[in-house]
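Visitor: Pulled these from Swiss-Prot:
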- 205: active site, proton donor (ACT_SITE)
- 5, 180, 181, 182, 204, 205: purine D-ribonucleoside binding site (BINDING)
- 21, 25, 44, 88, 89, 90, 91: phosphate binding site (BINDING)
- 27: N6-acetyllysine (MOD_RES)
- 218: site 'Important for catalytic activity' (SITE)
């Protein structure tokens, strides 16, 4: 049944949901990659759609910006609509010199300055990691598509406009591949409620060099990321 934030019914969502931050990107994914897509949510403009990809039922829905927003939507999808796997597909900023614009990053784990997972985990540190099989399937899908993908840790920041420039030095030292705002929260929700999750990001800007991708470049590499996510779902069905 419908929740305060999702006006769908049980069965409207597939067991796998791709989740970009922007609901308009969810609409783009549905219109570009899915067949027979239909809208299943529009509360607060957070659009959700369900269709098929190569015959496989898949849903896509926006999650908004930041851990509080994505935590609400992922929790409700899992506990109220029976979703088993969530794949966040979004953008990130790079800090390492060898990570370039348009690189695809598969988030094996996610560090964070958010306290949300500590609240969930009785004030202890929680290792926010992706599901291993989902990581492996994404890596295999990228290889099959001929797309280079980096695998490693993300950093999920609470502040987009952070005043702490020195923290980027620490991230570089620890080999953080990309900075975004949601992965650690999604991994925490999935762990708490017995689901599986993965984050795949495209590098849209470089925090050190201030380089940014153009709108056209973002769209091209965004499509690559979506192809990896969708093909990884099909590989997961073969397990």
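Backbone N, Cα and C define each Cβ position, glycine as well.
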Visitor: In which DSSP state, out of helix, strand and coil, do we find residue 88 (phosphate binding site)?
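Guide: The three-state answer is strand.
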Visitor: For phosphate, with binders 21, 25, 44, 88, 89, 90, 91, what's the maximum Cα separation in whole Å?
Guide: 22
Visitor: These are the binding-site residues: 21, 90. Which one scores highest on other Cβ atoms within 10 Å?
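Guide: For the binding-site residues 21, 90, the Cβ with the most other Cβ atoms within 10 Å is 90.
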Visitor: Can you name the recorded positions among 27, 44, 90, 218 whose CA is within 10 A of the CA of residue 180 (purine D-ribonucleoside binding site)?
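Guide: Of 27, 44, 90, 218, within range: 90.
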Visitor: Can you tell which of the recorded positions (5, 27, 44, 88) has the fewest other C-beta atoms within 10 angstroms of its C-beta?
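Guide: Lowest Cβ count within 10 Å among the recorded positions (5, 27, 44, 88) is 44.
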Visitor: List which of the recorded positions 5, 27, 182, 205 have their Cα within 10 Å of the Cα of residue 21 (phosphate binding site), in sequence order.
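Guide: Of 5, 27, 182, 205, within range: 182.
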